[in-house]
Amino acid sequence: MNESPRASYGSTGAHPGYDPVLVIDFGAQYAQLIARRVRECHVYSEIVPWDMPVAEILARRPAALILSGGPKSVYSPGAPRVDPALFAAGVPVLGICYGHQVMAQALDGTVARTGTAEYGATRLRVDDPGVLFDGLPTSQQVWMSHGDSVTAAPPGFRVTASTPSTPVAAFEDPTRRLYGVQFHPEVVHSERGMDVLRHFLLVGAGCRPSWTMINIVEEAVTAVRAQVGNGRLICGLSGGVDSAVAAALVQRAVGDTLTCVFVDHGLLRAGEAEQVERDFVASTGVDLVHVKAADRFASALAGVTDPEQKRKIIGREFIRVFEESARELDARAEAEGTHIGFLVQGTLYPDVIESGSPTAAKIKSHHNVGGLPDDLQFDLVEPLRTLFKDEVRRLGEELGLPEDIVWRQPFPGPGLAVRIIGEVTPERLEIVRAADAVVRDEIRRAGLDREIWQVFAVLLADVRSVGVQGDERTYGFPVVLRAVTSEDAMTADWARLPYDLLERISNRVVNEVGQVNRVVYDITSKPPGTIEWE
């Protein structure tokens with residue numbers, strides 16, 4: 001791990017009571033998934049770049065290291081390398097896929113281009129249970145994705161598993177606490193992958209499973225109190241789970257010194273504005289300012305069809321409305337002899353990773369609160385910035401938030417405006433809102449609302465489709481049904497919904513939603529498509 005310029009990863013600077021497991025990222029699509037799986041074993045984890053110097057890694061006092069997979073071959077020009085000093089530091093290490101190979105190469109094993117690649121589900125034969133496979137079946141399905149293979153383990157290692165095409169599918173040196181697997185234990189297709197990770201963390205590395213929701217809540221409350229003291233705070237509620245959980249957590253820490261501003265832009269799904277005003281306040285007791293600005297946003301969006309322009313307009317208006325509310329609240333606070341000094345932000349750990357934010361992170365643009373004037377600059381309070389989405393949901397449950405808020409599916413900041421392909425008008429909003437309500441109701445009735453990452457309706461407002469309804473020829477709008485499964489929204493697959501469910505959704509939409517005479521199902525994955533249409 002050299003001193004070359006490296007990718008910017010945001011350091012969370014949090015949880016000093018935990019010695020983290022550091023996931024060293026070699027450019028893997030699964031790096032975040034590995035970190036999440038570690039946390040599912042109740043062990044705290046963070047992601048760092050592959051070229052972080054060894055001294056900097058060790059300064060973080062890691063309990064263990066996991067070397068991720070990556071898209072390169074170890075023989076590619078400029079391929080990431082590992083400083084062998086890392087393996088002499090006495091820290092337990094697990095190499096996964098590319099990490100397995102780069103460990104072997106650094107410690108004088110052999111990595112070869114065998115000409116036989118493995119992709120997808122593969123049968124693994126356990127030849128020696130060792131630490132990783134102790135108590136597990138001798139034959140199990142694993143998920144492979146590699147071209148090169150380790151053909152000889154480094155000196156001092158013993159081979160513990162193989163496949164028909166990979167003679168060294170796993171190895172270990174328990175004396176030095178070094179382990180490697182060619183497969184991906186973090187993906188669900190590896191049948192006993194979580195057991196392998198758990199064995200490494202709890203047995204091989206001796207980590208303590210102390211990363212629990214109760215501890216997270218207690219620690220976050222303490223941290224917020226220490227940061228803000230007696231200061232006053234403001235939070236922009238979007239109606240989504242992130243801002244709701246952030247506000248609820250801060251409310252528990254500081255009570256009535258927090259005021260939440262809910263900017264209702266008129267672009268939410270059916271019943272959401274009422275739910276925020278009723279259920280969120282009832283469950284938290286938070287001081288809520290509900291700004292009803294639907295007419296203002298509708299006027300600003302009139303005649304606009306370009307999706308980027310929609311986003312910019314909505315972001316601009318959101319900032320202006322929030323700014324006006326913040327000024328009013330700050331003036332009221334000053335009249336009482338206080339001042340609003342803090343802004344609560346629902347930043348999550350993936351945002352920190354992707355933005356490379358330092359500890360004082362910038363406001364997320366998709367939360368539509370960025371770009372506030374100089375005289376309204378607040379110190380940021382980001383109580384969720386070390387958490388993944390699934391952890392935020394569990395935290396919301398721990399805080400007693402209503403299930404409908406905690407398990408609300410991801411929703412774009414511009415709301416239904418980007419689910420109308422064409423100009424946004426009040427009439428079209430009612431159409432897509434009604435269609436979306438039918439879709440979500442049927443998915444909920446089918447018991448699939450937690451299995452599907454996102455499901456929604458899109459209105460093709462600039463398209464007219466010919467149809468026959470009541471023996472009359474019609475020209476109505478087509479509605480697109482979009483349903484995807486995903487782990488983290490970085491990639492997504494279209495959901496294989498049952499035909500009878502698709503039929504019920506289609507029948508209800510064309511019969512209950514005016515001006516719609518056709519429903520189509522989008523079967524595009526991400527990539528090449530995106531989850532949203534705009």
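Cβ atoms here come from the backbone N, Cα and C positions, even for glycine.
For 20-210, the entry in Swiss-Prot reads domain 'Glutamine amidotransferase type-1', with the evidence type sequence analysis.
For C97 (active site, nucleophile), applying a Cβ distance below 8 Å and a minimum sequence separation of six or more within one chain yields A28, S68, G69, G70, S145, H146, V181, Q182, F183, H184. Residues or ranges marked as active site, nucleophile by Swiss-Prot on the basis of sequence analysis: C97.
Look at H184 (active site): DSSP puts it in coil. The annotation active site is assigned in Swiss-Prot to H184 (among others) on the grounds of sequence analysis.
The local packing around E186 (active site), expressed as other Cβ atoms within 10 Å of its Cβ over all shown chains, amounts to 29. Look at Swiss-Prot and you will find E186 (among others) tagged as active site, backed by sequence analysis.
Look at Swiss-Prot and you will find 211-408 tagged as domain 'GMPS ATP-PPase', backed by sequence analysis.
According to Swiss-Prot, the feature ATP binding site maps to S238, G239, G240, V241, D242, S243, A244. Of all Cβ atoms in the protein chains displayed, 22 besides its own lie within 10 Å of the Cβ of V241 (ATP binding site).
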Cβ-based neighbourhood (8 Å from the centroid) of the ATP site, residues S238, G239, G240, V241, D242, S243, A244 excluded: L237, V245, G346, I405, R408
Conformational class of D242 (ATP binding site) under the three-state DSSP mapping: helix
Rounded Cα separation (Å) that holds between S238 (ATP binding site) and E186 (active site): 32
